[in-house]
Amino acid sequence: MAEAKCPFSQSRSNANVAGGGTRNTDWWPDQLNLGILRQHAPASNPFERDFDYTAAFNSLDYYALKKDLHALMTDSQDWWPADFGHYGGLFIRMAWHSAGTYRVFDGRGGGGQGQQRFAPLNSWPDNASLDKARRLLWPIKQKYGAKISWADLMLLAGNVALESMGFKTYGFSGGRADTWEADESVYWGGESTWMGNDVRYSDGFPGVTKHGALSGDEPPHRNIHTRDLEKPLAASHMGLIYVNPEGPDGNPDPVAAARDIRTTFGRMGMNDEETVALIAGGHSFGKTHGAASSENVDVEPAAAGLENQGLGWSNRYQSGKGPHTITSGIEVTWTKTPTKWSHAFLEYLFRFDWELTKSPGGANQWQAKNTEAIIPDAYDPSKKHLPKMLTTDLSLRYDPAYEKIARRFLDHPDEFADAFSRAWFKLLHRDMGPRTRYIGPEAPTEDLIWQDPIPAVNHTLVDANDIAALKRTILDTGLNKSNFVSTAWASASTFRGTDKRGGANGARIRLAPQRQWEVNNQPWLEETLSALEKIQKDFNDRVSSTGKKISLADLIVLAGCAAVEKAAQEAGQTITVPFTPGRMDASQEQTEVESFSHLEPVADGFRNYGKSSSRVRAEHYLVDKAHLLTLTAPEMTVLVGGLRVLNTNYDGSKHGVLTSSPGRLTNDFFTNVLDMNTAWKAKDGGRDLYEGTDRKTGQPKWTATRADLVFGSHAELRALAEVYGSSDGQEKFVKDFVSAWDKVMNLDRFDLKGSGIARSKL
């Protein structure tokens, strides 16, 4: 195997314009980077601020678009010919690899933003030749323009590909608005070589030079049957969507490969049945490409010359296309009908015995023993080939749990087809959030548990008079205002802008698993929920004849809003915190406990929860949480400052509560974190906790965490803190805190015009 090599240039750009030269990150690579809070700003978007993609998609002639996609499937182009005269396999792979980057731990990845167009994804080894798939789609994208995003089009093309080959899909929803730059928030791994996994596994593999396959001829790693993949990653190698098709680190071991498959597919939200359905269903079509050694393949799109116009992986082997194509290095066509739906994949998997062999490109693959050549050639109708499989295909036979499912699918083809249609739909829509976001004539109406269903509003909503009366009742309970603020934040701040999961709607804060999370399993939550449930019952009983009701989800948010208003009033400022009813309460039966467990925060710096790890400091966790909440740096700053003085630390500690009047919405946090009369010293070796003392007397004044002191230490955050800590900053602080609070409370209110990201005002 060639020496491992970094996939990017080892030398910095010598350009002395356009941002070239030595940068801050070169001097201080560990410095906190706020860049992910500034992504996808209006300045990068070519459309007007009032452009409504949902309205544009709904104006689309959807079935005309599908007709054009159907025609494209068999319109083979000389510059990139279609295997078997049909592009279906290519477009299925494109859609799969667009959506399949999703992972459950942070909701990042997935097909929701069309990120496959940008580096690094457009240049991953696993995405070789998908640059051509997108160019084949360009005439259709050009024709329909802004009415169909790339994000939607790439996935719809995969759906139409299945239909064009005789498979009945479960449905399709549009609504994925494009972004216009690479998403820099995603941790794809720490490796610096393609196919490397020496960071994500403690005893991983160093990777390969350029484009290529790992050598399976080297001794297998001792831990491929036991190793644990680093969180939040799902893929087993840098540059792969899923697992190595040759087996773990190139070792052709189907049983060990099954372990990697279960980890990877599980981390994208798929159970064993869905995993088997996706692999067996997807591999019922098309082929892989390994006509010759990967040494013939040139650099990826991001490294290719200007004259290549965004295309990469130029192939020097003969024609470099069609029968001479090289992508994975594996040369496998799974069935004798690669352009028609069948259950032949499962039939062959169990009918034949398999022996290890090599592809023309030198990759490990498996060939059927003692049988005749029945597999058609993709370009020469006079040729036939022996049936072949990937190591990861054989995992479905040799892993006991997968085998049981696969044999059931083999015996019940209708059940297999239904399972594949549902798993494929889930794959494409996992990061779209609730079904209320679905648009288009083929969007299914069935509620599915992984969509986190919430009942539709079935009662008259409270009006302004009701809201005012409920606020008074809430504040008259005698509970501390911080209880209501903490509960509302705990409920709403589960939202993730990445996959549109979580949020206050549904009131799942009262259900398992959220109620038992360490960050929530505190006395204040039980006290608050008990009080609010009584208020809800009393109100609903009193107004039952009017048809009005208030959900607990609404009441939790309203209580937080009432407490913030009262805290501002006690600080000398009158302000109304917006509140819009319309949330509903989900049931425990509508809540998939295992799935929701992935939303539990490792850290929530807004509540001073969590500690630094050996690799991640508390302030990095804070910025990551802010990104999941779609917050800007000013919004993060004002929220931390406000939540501290409102005394909302998860455990009731006084760390960072830099005020002599907790519970009042003052700008004291900022004035005190910026106070030069305070000297700070680490209390626990500089890990997380600090003590602030009077610089003259040495008397203790405050304690604070890294998530607090970063607002005085980090130059950019200090600049923001100075705005709110100035003598004229109090009024702006309250106004901005209420705006950011309102945004977080409504992040999951997809029924409101301008909800979520669009509500950002700072």
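Any Cβ shown, glycine's included, is placed from N, Cα and C.
Small disclaimer: the values here were computed from a predicted structure and weren't measured.
According to DSSP, His97 (active site, proton acceptor) is assigned to a helical segment. The active site, proton acceptor annotation in Swiss-Prot covers His97 and rests on sequence analysis.
Per Swiss-Prot, the feature heme b binding site maps to His283; the stated evidence is sequence analysis. Here His283 (heme b binding site) comes close to Trp334, Phe345, Leu390, Asp393: these same-chain residues lie at least six apart in sequence, with C-beta atoms under 8 angstroms from its C-beta.
Per Swiss-Prot, the feature region 'Disordered' maps to 1-22.
The site 'Transition state stabilizer' annotation in Swiss-Prot covers Arg93. Sequence-distant contacts of Arg93 (site 'Transition state stabilizer'), defined by Cβ-Cβ distance under 8 angstroms and a gap of at least six in the same chain, are Leu130, Ala133, Gly286.
Counting Cβ atoms from all protein chains shown, His97 (active site, proton acceptor) has 22 others lying within 10 Å of its own Cβ.
In the three-state DSSP classification, His283 (heme b binding site) falls within coil.
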